[in-house]
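Just below is one structure, and these are the notes that go with it.
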Amino acid sequence: MNEIKIDFTRLRETIKKSSQIGAIPKNGLCRLALSQKDKAMREIFKEWMSDAGLKVRVDDFGNMYGRREGRTDLPPLVAGSHLDTQPNGGRFDGVLGVLAALEVIRCLNDHEVETYRPIEIINFTNEEGARFEPPLLGSGGLTGVFDKEYVYTRQDKVGKQFKDELKQIGFNGAMHHRLQLAHAFIELHIEQGPVLEKEGVSIGVVEGIKGMTWLELHISGEGGHAGPTPMLCRKDALMAASRMLVCAEEKALNFDHGLNVTVGRMNVKPGAVNCIPEAVTFSLDIRHLEDRIREQFIEELTADLQLMASELAVSMDMNELWKVKTSHFHDRIISQISNSSERMGYSYKRLYSGAGHDAKYMNTFTPTGMIFLPSVNGKSHVESELTLDKDIEHGTNVLLDSMIQLANMKEAI
């Protein structure tokens, strides 16, 4: 069979249409999981899959599937990502992986390509975790990382439950529609970091995903009036928390160059200009390729912060919100993506992802791999998120070639 290529004009138009649903200023998107905007995007994606001849179904986590039959009924090759976004997210994070998988199906139809195995494309629910924490609820539920009751009882900031919101948008499907078996899973995604662009590389061949831990710390002091209370008589929870944040940053910088520590959320009580803060809650996101190093850092940091709390006369409680170990993807999928990139003449680099993806949990279910595309200035989770047209075209062609090769494999991986 002669080498076939995707229709990039069509893919670009599909991305443009997606970008209109939940659009916010500066070319961004706000399409939180199970919101009305998410529903609108799901409805049009369902229509696109049907128009491409796919058999559409939805499981009890709201994960959407589109199936293209093969010459056999062997376990399918699966590809996809997610359509939900951050509150001030970009047009490409996750979305590109779903729409690129759809373009592969359309391209196969255009050229009347019949694969040995079936192919299924998928949109996972609540990958971002921006509305319902933790992230990856759809893929985690599917793969058994999370049980159904846990997923269904997650609440957003105003107390609405996942189960109720799933029903409210009409995408509460059936348990028997879950993916049962898969030959392999492949996910195309933007890098969300600066490495590929900085090195002038077209394709990232992802070897795995770094482990990560989410912690929540609650600091309790004593409130009071900002005027009459002398500085030396205070037990200011915010001042204590601020010193702890500096401690965490300095320790991370001196601990290991591959360690990332981020404070993404903070709440101050009572939050009034003339009141001494009596309580502060903040998050810590800690990531490293080696689980041992990450866990050692957390152990030492916890001891440091407890000592600091004692010295500052405040109390500290720490809760683990979420933890996942480092994932290593399957050598066969890594090799296939590398071979497809090389055959098409695209430069590529092997690397690990610092961000979590649905592929992390799918890796516990079936042989998995990922394709990364360069992110302009390394930006993601912001409205200015951008991946260039040429990189989208190159990456989707690599996805197409990889999917054809994997879907034509007769033996299991």
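The backbone N, Cα and C atoms fix where each Cβ goes, and this holds for glycine too.
Annotated Zn(2+) 1 binding site per TrEMBL: H82, D93, H189, in sequence order. Counting every protein chain shown, the Cβ of D93 (Zn(2+) 1 binding site) has 27 other Cβ atoms within 10 Å. In this structure, D93 (Zn(2+) 1 binding site) belongs to neither helix nor strand by DSSP; it is coil.
Positions annotated as Zn(2+) 2 binding site by TrEMBL: D93, E128, H381.
Feature annotation from TrEMBL assigns domain 'Peptidase M20 dimerisation' to 208-305.
Each residue contributes its Cα atom, and for H189 (Zn(2+) 1 binding site) and E128 (Zn(2+) 2 binding site) those atoms are 13 Å apart. Listed in sequence order, the residues S81, F92, G94, V95, L96, G97, E127, I190, H357 complete the 8 Å Cβ shell around the Zn(2+) 1 site centroid, once H82, D93, H189 themselves are left out. Counting only residues at least six positions away in the same chain, the Cβ atoms of Q86, N88, G89, G90, D93, Q192 sit under 8 Å from the Cβ of H381 (Zn(2+) 2 binding site). Classification of E128 (Zn(2+) 2 binding site) by DSSP places it in coil, neither helical nor stranded. Each residue in T85, Q86, G89, G90, G94, A130, Q192, S380 lies on the same chain as D93, E128, H381 and has a C-beta within 8 Å of the C-beta centroid of that Zn(2+) 2 site, without being one of the site residues.
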